[in-house]
(Lines of atoms letter the chains of each structure in order from A and count residues from 1; the text may use other names and numbers.)
(Lines give C-alpha, C1' and ligand atoms only; values in the text may rest on other atoms or scores of the structure.)
Protein backbone atom coordinates (compact mmCIF):
# COMPACT_ATOMS: atom_id res chain seq x y z
CA UNK A 1 0.00 0.00 0.00
CA UNK A 2 1.20 3.51 -0.79
CA UNK A 3 2.16 5.49 2.28
CA UNK A 4 1.64 8.95 0.85
CA UNK A 5 0.29 10.86 -2.10
CA UNK A 6 -2.84 10.20 -4.11
CA UNK A 7 -4.46 6.92 -3.09
CA UNK A 8 -7.16 6.74 -5.78
CA UNK A 9 -5.73 4.06 -8.08
CA UNK A 10 -7.36 5.36 -11.26
CA UNK A 11 -6.18 8.92 -10.66
CA UNK A 12 -2.67 7.90 -9.57
CA UNK A 13 -2.28 5.80 -12.72
CA UNK A 14 -3.55 8.57 -14.97
CA UNK A 15 -1.11 11.04 -13.41
CA UNK A 16 1.79 8.64 -13.90
CA UNK A 17 1.04 8.53 -17.64
CA UNK A 18 1.11 12.33 -18.12
CA UNK A 19 3.83 13.88 -20.25
CA UNK A 20 5.20 17.33 -20.96
CA UNK A 21 2.56 19.72 -22.39
CA UNK A 22 -0.35 17.35 -21.67
CA UNK A 23 -3.47 19.20 -20.53
CA UNK A 24 -5.39 18.19 -17.41
CA UNK A 25 -8.78 19.64 -16.49
CA UNK A 26 -9.95 19.76 -12.89
CA UNK A 27 -13.60 20.69 -12.84
CA UNK A 28 -16.52 21.32 -10.57
CA UNK A 29 -19.42 18.88 -10.66
CA UNK A 30 -21.24 20.91 -13.32
CA UNK A 31 -18.54 21.36 -15.94
CA UNK A 32 -19.46 19.41 -19.09
CA UNK A 33 -17.15 16.47 -19.68
CA UNK A 34 -15.87 16.46 -23.25
CA UNK A 35 -16.42 13.38 -25.39
CA UNK A 36 -13.34 11.25 -25.83
CA UNK A 37 -11.40 12.60 -22.84
CA UNK A 38 -10.79 10.06 -20.06
CA UNK A 39 -12.60 11.07 -16.85
CA UNK A 40 -11.70 10.29 -13.26
CA UNK A 41 -14.94 11.11 -11.45
CA UNK A 42 -14.23 11.78 -7.78
CA UNK A 43 -17.60 13.46 -7.07
CA UNK A 44 -19.50 11.87 -4.19
CA UNK A 45 -22.09 14.48 -3.20
CA UNK A 46 -22.29 18.25 -3.75
CA UNK A 47 -19.18 19.72 -2.16
CA UNK A 48 -17.27 16.45 -1.70
CA UNK A 49 -14.47 16.38 -2.57
CA UNK A 50 -13.81 20.08 -2.71
CA UNK A 51 -12.03 21.56 -5.70
CA UNK A 52 -9.38 22.99 -3.37
CA UNK A 53 -8.53 19.61 -1.84
CA UNK A 54 -8.23 17.91 -5.22
CA UNK A 55 -6.20 20.74 -6.74
CA UNK A 56 -3.78 20.86 -3.81
CA UNK A 57 -3.28 17.08 -4.01
CA UNK A 58 -2.62 17.26 -7.74
CA UNK A 59 -0.24 20.21 -7.31
CA UNK A 60 1.87 18.08 -4.98
CA UNK A 61 2.14 15.32 -7.60
CA UNK A 62 2.58 16.98 -11.01
CA UNK A 63 4.56 19.85 -12.49
CA UNK A 64 2.32 22.58 -13.89
CA UNK A 65 4.00 25.05 -16.24
CA UNK A 66 0.89 26.97 -17.26
CA UNK A 67 -2.80 27.06 -16.44
CA UNK A 68 -6.05 28.62 -17.59
CA UNK A 69 -9.29 29.58 -15.86
CA UNK A 70 -12.51 31.15 -17.06
CA UNK A 71 -12.32 34.94 -16.93
CA UNK A 72 -15.60 34.98 -15.00
CA UNK A 73 -13.92 33.37 -11.97
CA UNK A 74 -12.32 36.61 -10.77
CA UNK A 75 -15.72 38.14 -9.95
CA UNK A 76 -17.84 35.04 -9.35
CA UNK A 77 -15.41 32.98 -7.25
CA UNK A 78 -12.46 35.05 -5.99
CA UNK A 79 -11.43 32.45 -3.38
CA UNK A 80 -10.92 29.79 -6.03
CA UNK A 81 -9.10 32.28 -8.25
CA UNK A 82 -6.80 33.06 -5.32
CA UNK A 83 -6.15 29.34 -4.75
CA UNK A 84 -5.16 28.76 -8.38
CA UNK A 85 -2.92 31.84 -8.28
CA UNK A 86 -1.27 30.71 -5.03
CA UNK A 87 -0.53 27.24 -6.40
CA UNK A 88 0.52 28.10 -9.97
CA UNK A 89 0.98 31.86 -10.30
CA UNK A 90 -1.30 34.11 -12.32
CA UNK A 91 -3.45 31.94 -14.58
CA UNK A 92 -4.25 32.83 -18.16
CA UNK A 93 -7.94 33.56 -18.66
CA UNK A 94 -10.51 32.99 -21.36
CA UNK A 95 -14.32 33.24 -21.50
CA UNK A 96 -16.08 30.22 -20.00
CA UNK A 97 -17.44 29.07 -23.37
CA UNK A 98 -13.92 29.05 -24.80
CA UNK A 99 -12.70 27.23 -21.66
CA UNK A 100 -15.23 24.46 -22.32
CA UNK A 101 -14.06 24.16 -25.93
CA UNK A 102 -10.40 24.10 -24.87
CA UNK A 103 -11.10 21.30 -22.38
CA UNK A 104 -11.64 19.00 -25.38
CA UNK A 105 -7.84 19.04 -25.86
CA UNK A 106 -7.20 17.52 -22.43
CA UNK A 107 -5.78 14.05 -21.92
CA UNK A 108 -7.41 13.81 -18.48
CA UNK A 109 -10.53 15.30 -16.89
CA UNK A 110 -10.88 15.13 -13.10
CA UNK A 111 -14.40 15.79 -11.82
CA UNK A 112 -14.74 17.01 -8.24
CA UNK A 113 -17.84 17.46 -6.12
CA UNK A 114 -17.33 21.22 -6.02
CA UNK A 115 -20.56 23.17 -6.36
CA UNK A 116 -19.36 26.76 -6.65
CA UNK A 117 -19.23 28.78 -9.88
CA UNK A 118 -16.31 28.49 -12.29
CA UNK A 119 -14.23 26.22 -10.02
CA UNK A 120 -12.37 24.80 -13.00
CA UNK A 121 -8.79 24.89 -14.24
CA UNK A 122 -6.89 23.58 -17.23
CA UNK A 123 -3.30 22.75 -16.32
CA UNK A 124 -0.46 22.19 -18.77
CA UNK A 125 2.09 19.70 -17.50
CA UNK A 126 5.71 20.70 -17.25
CA UNK A 127 8.86 18.75 -16.44
CA UNK A 128 10.66 18.57 -13.08
CA UNK A 129 14.09 19.44 -14.51
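In case you wondered, yes, glycine gets a Cβ from its N, Cα and C as well.
Model, not experiment: these values are computed from the prediction.
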Kindly point out which candidate in 28, 35 is recorded by TrEMBL as part of the substrate site with 96, 118, 119, 120. 28
Surrounding the recorded substrate site, with Cβ no more than 8 Å from the Cβ centroid of 28, 96, 118, 119, 120 and those residues left out, we find 27, 30, 31, 69, 70, 73, 77, 80, 99, 114, 116, 117
For residue 118 (substrate binding site), which residues in the same chain are close in space, meaning a Cβ under 8 Å from its Cβ, but six or more apart along the sequence? 28, 69, 70, 72, 73, 76, 77, 80, 96
For residue 119 (substrate binding site): intrachain residues, at least 6 apart, with Cβ closer than 8 Å: 27, 28, 51, 73, 77, 80, 112
